[in-house]
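Peer 1: So that we are looking at the same thing, I have put the structure below in structure tokens.
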Amino acid sequence: MFTLPDLPYPLDALEPYIDRATMEIHHGKHHRAYVDNLNKALAGQDALLKMPIEELLKNIAQVPDGSRQAVINHGGGHANHSFFWQVMAPPQNSSPAGKLLTALNSAFGSVDKFKEAFTARAMSVFGSGWAFLIKKPDGSLALKRHSFQNSPLMHGNTPILGVDVWEHAYYLKYQNRRADYIQAWWHVVNWQTVGDLFNSR
Ligand code: MN
């Protein structure tokens, strides 16, 4: 069975950029629902229920036809949110460093240009979805836009950074102002973890 991971920080730790009420509902209700629905979709399929969620998505073709779309939706939701909590941290004015900094400069020209391009990608998601910075199998970086909960893992890519632009991620505090949410969200990016993900995968 899949389980809801604890947040790596208190519910109010991302204030004032991401408010406590949003975190409470986003983690406790939305993420929990993805986990519960994933378990329901795979009921009785013990081998699949034992796989790490990343492995399940990387091997999505092995999931039986009748469960596959539910795993894409709810398994993707579980993986994306587990990842999302990890790439955020209490605001600390950190910035990319080390090999990640070198790679961002090389791929985008500068950290500021990377942030502009990433923000534009997140703003261009029509409806519910995500923007990701991914590491391709050849080690290069790229920006990707994904609808719904479709995971980069299904395409053989490794997410390094991602922002949830479903309205449930920001509507309580920002209503329709997605741009304000994304601008605020940069303050809580956990660059230490993003750098570790880049180095380790
Ligand atoms: Mn979400």
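The count begins at 1 with the first shown residue.
Placement of Cβ uses the backbone N, Cα and C atoms for every residue, glycine included.
Keep in mind the model is a prediction, meaning the values are calculated, not measured.
Dumping what TrEMBL says about this protein:
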type    : residues                     : note
BINDING : His26, His81, Asp164, His168 : Mn(2+) binding site
DOMAIN  : 2-89                         : domain 'Manganese/iron superoxide dismutase N-terminal'
DOMAIN  : 96-195                       : domain 'Manganese/iron superoxide dismutase C-terminal'
Peer 1: Going along the chain, which residues six or more apart from Asp164 (Mn(2+) binding site) have their CB under 8 A from its CB?
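Peer 2: Once residues fewer than 6 apart are set aside, Asp164 (Mn(2+) binding site) is near His26, Asn80, His81, Phe84, Trp130.
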Peer 1: Just to be sure I understand, if DSSP states are collapsed into helix, strand and coil, how many residues of the domain 'Manganese/iron superoxide dismutase C-terminal' (96-195) fall in each?
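Peer 2: Taking the domain 'Manganese/iron superoxide dismutase C-terminal' (96-195) as a whole: 51 helix, 22 strand, 27 coil.
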Peer 1: Name them in sequence order: residues not among His26, His81, Asp164, His168 whose Cβ is within 8 Å of the mean position of the Cβ atoms defining the Mn(2+) site.
Peer 2: His27, His30, His31, Phe84, Trp166, Ala169
Peer 1: Under 8 Å Cβ to Cβ from His168 (Mn(2+) binding site), same chain, six or more residues apart: give me those in sequence order, or none if nothing qualifies.
Peer 2: Ile25, His26, His30
Peer 1: Of the residues in the domain 'Manganese/iron superoxide dismutase N-terminal' (2-89), how many are helix, strand and coil by DSSP?
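Peer 2: Counting residues by DSSP class gives 57 helix, 1 strand, 30 coil.
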Peer 1: Have a look around His81 (Mn(2+) binding site) and count the other CB atoms within 10 A of its CB, chains all included.
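Peer 2: Total other Cβ atoms inside 10 Å, all chains included: 23.
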